[in-house]
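Trainee: Got a structure for you, questions after.
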Amino acid sequence: MSVTVKILVLVLAIGGALVYRNVSQLWGDLPAPKLDTQQWWGDAAQPKDYAAYLANNSEVIGNRLSYPEKTITDLFGRLNRTLRLTPPLEGVAFEYGFNTNYLKEVVEYWRDDYLPRWREREVFLWQFNHFTTDIQGLRMHFLHLMVYDDNKVGKHHYPVLLLHGWPGSVREFYDLIHLLHQTNLDKNNKYIFDVIVPSLPGYGWSEGTSRTGLGPAQVAVIMSNLMARLGYNKYFIQGGDWGSIIGNHMATLFPDNVLGYHSNMCTNMNPKSQVIGALAGFWPSLFVPSGFEDFFFPKSRALAFLIEESGYFHIQATKPDTVGAALTDNPVGLAAYILEKFSTWTNPSYRGLPDGGITKRYTMDTLLDNVMIYYLTNSITTSQRLYAEAYSKEQRELQLDRVPTPVPTGCARFKSDIMHNLDIQMKDKFPNLIHSTYHKQGGHFAALEVPKVLHKDFLEFVQKVEQKFRVKPL
């Protein structure tokens with residue numbers, strides 16, 4: 001071998017090593033970061049003696065929050081004002097956002113039909129046991145349903161943590177809660193669950209923080225501490241939207257506590273996964289079961305849809321307080337902003353309907369229950385801040401998407417959801433992806449729209465976890 005060839009080989013070897021090192025730095029696996037499980041988010045100064053704080057503030061308190069008549073009367077007055085809305089353009093339904101002609105009908109129903117029945121709706125909302133407890137300085141709200149001993153007989157009994165997202169709330173899960181908890185015992189269903197459904201920090205009745213830095217990873221710590229407070233060391237997690245991301249982080253940061261993680265918004269946003277997804281577009285049939293290619297491809301259509309529907313995302317990730325100020329004490333604007341998502345994210349074709357199709361899959365009472373939670377708790381601004389914190393420099397530097405987790409994982413895809421990842425993308429982070437399903441009907445709010453389908457999918461996942469990992473019921 002000549003000297004020139006030897007030098008060339010050496011240069012190529014060094015160059016290859018440098019490229020490998022740089023690529024590994026960009027998308028190689030990383031160890032899980034260590035987060036402070038006692039990080040303080042309360043308004044008061046952090047206690048010097050944290051053990052004493054826990055001893056004095058760990059009580060779980062039952063709540064049945066109610067609102068005085070003057071609050072409801074005030075809301076009625078706001079809805080009774082003359083609406084000076086700009087008419088929609090000719091031939092435009094929901095393509096430009098919430099159709100203002102239909103918004104007038106929504107406001108009329110809210111004011112004249114729903115509000116006079118508010119005490120009835122209030123009873124409905126409090127049908128489950130509501131509790132609050134102090135976690136890391138924040139007053140956290142949650143629903144908690146425990147299975148009676150008699151109902152456990154002959155059943156496989158587990159705890160499950162249900163995590164909602166934006167612009168949802170605990171209200172999304174009401175039908176699913178009944179199914180999981182078996183309010184009406186089903187002799188043909190051998191699975192029964194203790195169900196824990198928290199309001200995320202800054203959502204609904206859970207207190208928001210006045211400090212910066214409370215992103216999805218830190219919320220995962222709070223949720224882990226909540227489950228420990230309630231005495232659960234092993235549990236399943238189910239979630240969509242932010243609930244999926246927070247559940248993902250819990251499985252990553254606390255794998256020993258999570259029996260299985262089931263998501264109905266399956267994503268892995270690390271660089272390697274995104275490259276794999278782009279390359280898969282050249283050979284779709286190699287990566288997707290036959291008949292489900294249109295969940296993912298063509299990529300140009302999926303990208304166009306994301307661009308069209310992510311305007312809210314950019315605003316909330318950069319200026320959440322600005323849009324929050326516009327929606328606070330503005331029930332009509334708040335309803336339009338929230339309900340529009342229950343149109344497009346349920347089925348993008350509904351944009352072409354003058355009513356946005358919002359009552360095709362949900363009742364108006366159900367939708368207004370959710371709006372009322374945001375309005376009465378004044379939580380629209382604090383809920384939106386999660387977007388800004390999720391994309392802060394500090395949160396991005398955690399690089400949790402590059403940390404693999406051994407936790408058994410299940411992915412339920414619903415056709416009309418806002419985005420989907422392939423199994424090959426998911427397995428890069430979730431090597432134990434043991435359950436992957438496709439549902440032609442359903443969108444982003446699966447728990448609210450198709451609770452029976454989601455319940456069946458979740459039970460199939462739990463059964464696979466039992467079989468493959470020899471997990472035993474409580």
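Each residue, glycine too, has its Cβ placed from N, Cα and C.
Okay, so TrEMBL annotates it like this:
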- ASP241: active site, nucleophile (ACT_SITE)
- TYR387: active site, proton donor (ACT_SITE)
- HIS444: active site, proton acceptor (ACT_SITE)
- 64-173: domain 'Epoxide hydrolase N-terminal' (DOMAIN)
Trainee: In whole Å, how far is the residue listed as 'active site, proton acceptor' from ASP241 (active site, nucleophile) when you measure between their Cα atoms?
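Mentor: Cα to Cα, ASP241 (active site, nucleophile) and the residue listed as 'active site, proton acceptor' are separated by 8 Å.
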Trainee: For the domain 'Epoxide hydrolase N-terminal' (64-173), what does DSSP give as the number of helix, strand and coil residues?
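Mentor: The composition, in the requested order, is 45 helix, 22 strand, 43 coil.
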Trainee: Taking every residue in the domain 'Epoxide hydrolase N-terminal' (64-173), what is their average pLDDT?
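Mentor: Value for the domain 'Epoxide hydrolase N-terminal' (64-173), mean pLDDT as a whole number: 96.
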Trainee: Where the residue listed as 'active site, proton donor' and HIS444 (active site, proton acceptor) are concerned, what is their Cα separation in Å, rounded?
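Mentor: If we compare the Cα positions of the residue listed as 'active site, proton donor' and HIS444 (active site, proton acceptor), the gap is 17 Å.
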Trainee: Give me the long-range Cβ neighbours of HIS444 (active site, proton acceptor): same chain, 6+ apart, Cβ under 8 Å, in sequence order.
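Mentor: When sequence neighbours closer than 6 are ignored, HIS444 (active site, proton acceptor) has GLY240, ASP241, MET265, LYS341, TRP345, THR346, PHE414, SER416, ASP417, ILE418 within Cβ distance under 8 Å.
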Trainee: Within 10 Å of the Cβ of TYR387 (active site, proton donor), how many other Cβ atoms are there?
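Mentor: So the number of other Cβ atoms within 10 Å of TYR387 (active site, proton donor) is 20.
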